[in-house]
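Copied over from TrEMBL:
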COMPBIAS  73-82  compositional bias 'Basic and acidic residues'
DOMAIN    127-310  domain 'Brix'
REGION    1-30  region 'Disordered'
REGION    61-85  region 'Disordered'
Amino acid sequence: DLTAGTASLGGEEEHGPVPGDGAGPPAPERVLFPPTFSVSEIKNKQRRHFMFLRWKQQQRKEKLALKKKRRKEREALGDKAPPKAVPKTIENQRVYDETTVDPNDEEVAFDEATDEFAPYFNRQTVPKILITTSDRPRGRTVRFCEQLATVIPNSHVYYRRGLALKRIIPQCIARDFTDLIVINEDRKIPNGLVLSHLPDGPTAHFRMSSVRLRKEIKRKGKEPTEHVPEVILNNFTTRLGHSIGRMFAALFPHNPQFIGRQVATFHNQRDYIFFRFHRYIFKSEKKVGIQELGPRFTLKLRSLQKGTFDSKFGEYEWIHKRREMDRSRRKFHL
């Protein structure tokens, strides 16, 4: 009888004799949820929701008890305790990519010394960035560009007035700009970023999401200073990821002013690039405090094109093809 079964699960439990009163041995602890219990079998919606919460609570208690038991066993064994099991994640189960870069590879070192970004890493060229938008940008996109300009040193914000990118790029080259950043929007929300390295490329197109301006970040720090920040590139391991990481690094001068205690981080995880901008302070030799300054956003690479922006006749080095490349969750490209 389903009604009787659910009533016994959620109702008052029957209590056996109280231990120690001479009425016999203590009754075994009753299992509240048997292995065959299914919440979906309960017809009443409120009852079903109540039993689901109780079931989740029991699961948490059992998990915590098992964790305490294992910790006590490890403390009892001391040095003889077996090593902790490494949990399986999508990252450590990643499919091997043959283009993974070895830091000690001589071929990679030669490519870095001769590519289009080498003068920036050798401090022979100072980056000069132009930040622009799509046509008729709205207030949120405008504010995002202005805040992005405070993060990237020597960057200038100009608003497009119906000019095509093919006409903007020659003007940028004539004015000694080294990079062009275009922020696209859809329904008043920034949703795309085009990064073109001048004068000869390459050009990367990203999908942008999770944009948060400074006023939308909780416990944010004060406005960033004009000091040149440090740059952290995390987890760009393949040849494609290496190229994207160098494009981001070439936006910043390679003489960080450590007195400013500001750091810009590009963290790649599962081919999503998370950008954060922080200020840090050393509280002691082992502790450090950080404050997020903003803005923050997330990028997803859609294409990498040789040369400057050319949507019709451009030659693409890499294009993200969803139906072909997203079949395996453990296959990453950056």
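Cβ coordinates are placed from backbone N, Cα and C, and glycine is handled just like the others.
Keep in mind that TrEMBL annotations are predicted by a computer and have not been checked by a curator.
Across the residues of the domain 'Brix' (127-310), the predicted structure has a mean pLDDT of 91. When DSSP labels each residue, the compositional bias 'Basic and acidic residues' (73-82) comes out as 8 helix, 0 strand, 2 coil, counted as helix, strand and coil in that order.
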